[in-house]
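Note sheet for the following structure.
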Amino acid sequence: MTKLSAQVKGSLNITTPGLQIWRIEAMQMVPVPSSTFGSFFDGDCYIILAIHKTASSLSYDIHYWIGQDSSLDEQGAAAIYTTQMDDFLKGRAVQHREVQGNESEAFRGYFKQGLVIRKGGVASGMKHVETNSYDVQRLLHVKGKRNVVAGEVEMSWKSFNRGDVFLLDLGKLIIQWNGPESTRMERLRGMTLAKEIRDQERGGRTYVGVVDGENELASPKLMEVMNHVLGKRRELKAAVPDTVVEPALKAALKLYHVSDSEGNLVVREVATRPLTQDLLSHEDCYILDQGGLKIYVWKGKKANEQEKKGAMSHALNFIKAKQYPPSTQVEVQNDGAESAVFQQLFQKWTASNRTSGLGKTHTVGSVAKVEQVKFDATSMHVKPQVAAQQKMVDDGSGEVQVWRIENLELVPVDSKWLGHFYGGDCYLLLYTYLIGEKQHYLLYVWQGSQASQDEITASAYQAVILDQKYNGEPVQIRVPMGKEPPHLMSIFKGRMVVYQGGTSRTNNLETGPSTRLFQVQGTGANNTKAFEVPARANFLNSNDVFVLKTQSCCYLWCGKGCSGDEREMAKMVADTISRTEKQVVVEGQEPANFWMALGGKAPYANTKRLQEENLVITPRLFECSNKTGRFLATEIPDFNQDDLEEDDVFLLDVWDQVFFWIGKHANEEEKKAAATTAQEYLKTHPSGRDPETPIIVVKQGHEPPTFTGWFLAWDPFKWSNTKSYEDLKAELGNSRDWSQITAEVTSPKVDVFNANSNLSSGPLPIFPLEQLVNKPVEELPEGVDPSRKEEHLSIEDFTQAFGMTPAAFSALPRWKQQNLKKEKGLF
């Protein structure tokens, strides 16, 4: 049986973040040189160990990659080694099965410069060489806008289409041909890959030229080379659209219980979306089917060893039983070491042995209360990661302007009503703060739960108008009633009051109720608000402070579980609600009038609020698109600032709020649809997200620290120093720079013979195709070299027989030439 060798164990580095790659050779794991990372042969299988540094520990992902022409034995060995490596890591890794052509975004993301799939494999003598070599002739089809994959295709114009980028690699010259319908970003990615091949594989001693498909006449020398190597230019195929995955499929979750009964796989459906963590028992194994797009296997810590060891084979049998494609992605999750992607398929995911955030979290029902650490406003811009965690750009002491929507227009709110938010209204709040000498803006759009649809629409429209007035600089934050973020509360210094309904308009004819009850939550000036609840006894809670306002009195009711800080903040906000003297009432010592005002005694929540297991929140970045008329979100694993492209829009999900980042060159439709797109994301999220989650719209160049803090080493000057595609193209030079090299490539001697040909003096005689095909040596015409039959053909016959020009044939690897000659009867 295949075993992880002592040599592999000895060389295995499990403490340093980064990649390690092995190829399966003669059923053994053989290390791949780091200089060739990102280059894979389609006849082989590989194992990739990715180590990531998290806040307090390391996480591990093991991928095994299956080339389309690899043998079943190699595939089996790769799977076994993956399991053994996970055992060596004591079950701390997530295992991934990757099949050529259907690699996960996480896998592609490891190779930022591009993933190159080459023909051949170890069985045909193909090696991962470190030395510079110019003996290369191939055509690479580059697919993808972000994490690109480049595969070798037939060296012929018929391989081309109008929508993609192609690299014609001729050793000393690489020609990048851009389809006329390819995007700027696809061209930039293609150029990055071409330069990577030049610098890493050829030591920088290769020319790179670019041909734009819509203007081929501008590159006559390069087109001469292409036509020489690829044959006569032909009509191009139409652009091939990228595979589109419907959001509904991603959201279609089914959880199955797995058991291995007497060697037979038995699966039983347990639940469908939305899923909760308590469905997973530590004693069992489960399969989670994400609409057939991806299969997850979860192994409970106390499950029997046979079931745990057979996790991957269970998944493959499940795929077969469901008649899913063999290339379906598989992830094996260990109990306690689950990936962020897996965790966020559940409504909430907690880990009892982890600490998260900046304070202890307590909960009753679905309401959480955070014991805040001391707030330090000076740290927000120096340490944006603190700003991101606390969701604070400063301490709320900046300048504020507030408007209310009236008759669909903006009307300034009288100063005496600042901090009062009525559920029947919508408000716009513009907050101005300084970083150094520069002004920055936050634009809050607060929408009451009882406001009319016209007012809600008008609030969004007026936000756009106000945003334009300030040159698009404000960060827009949509705040549904009840979802007020800490910074908004901090502006009112502990005096924010939210009313169930009503309005503060001067012409309001409705009178508010004579008795009102407010639940106060918060421990300091930066996190306190009073929220109106129905004035009934059953809405009390022993863990909080409540303000009960009647016509004759104002009570401050203190539950047994509230803290001293909460009582002090409640006194402050109570002064905003009522000017009358407050009567402090301790739970259990209420006067009769108190209960009478609430309509009589009634049971209410009086159990001690328990400490919640720490909620695990991993920020996730998605590239968004609605160009097809459907919302698409592509996740970017291990993201950093470089992943934010100026042409696109992105969504940063930090669970209790969602940022929508707009690049300055994004198309207008995507800019206008920012809020709608973010809401669509929440609606189609597999875990069943709260549609009222706050949405924050951020424009490139005006990012607040609450956003930048989620990125490692954010550079505010990045885009001012970044070179455009046009700049990079200009740096490559023009056709005069490589005239000598193009002359070498187009010289007649390479028309028929390749570099390995055993050339005789003078040209070989030409014979008709039918006199050479499937003929034994004794039946060949006189003068024919039996080992070089193809060189006795005319160019027309050669092209007819092989489906390509002699030059294209000569560019193929030696093993493929031999296979083609056998196939065509010319061996």
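Cβ from N, Cα, C; glycine included.
Of the candidates S56, S366, S379, Swiss-Prot records phosphoserine for S366; the remaining residues carry no such annotation there, which does not rule it out for them.
The list of residues near the repeat 'Gelsolin-like 5' (528-568) in space but at least 6 beyond its ends in sequence, with Cβ under 8 angstroms from a Cβ of it, reads 362, 364, 369, 423, 482, 484, 489, 494, 496-500, 513-522, 574, 576-578, 580-588, 590, 593-595, 597-609. The DSSP breakdown of the domain 'HP' (761-827) into helical (H, G, I), extended (E, B) and coil residues amounts to 36 helix, 0 strand, 31 coil. Note on the repeat 'Gelsolin-like 5' (528-568): its mean pLDDT in the predicted model is 91.
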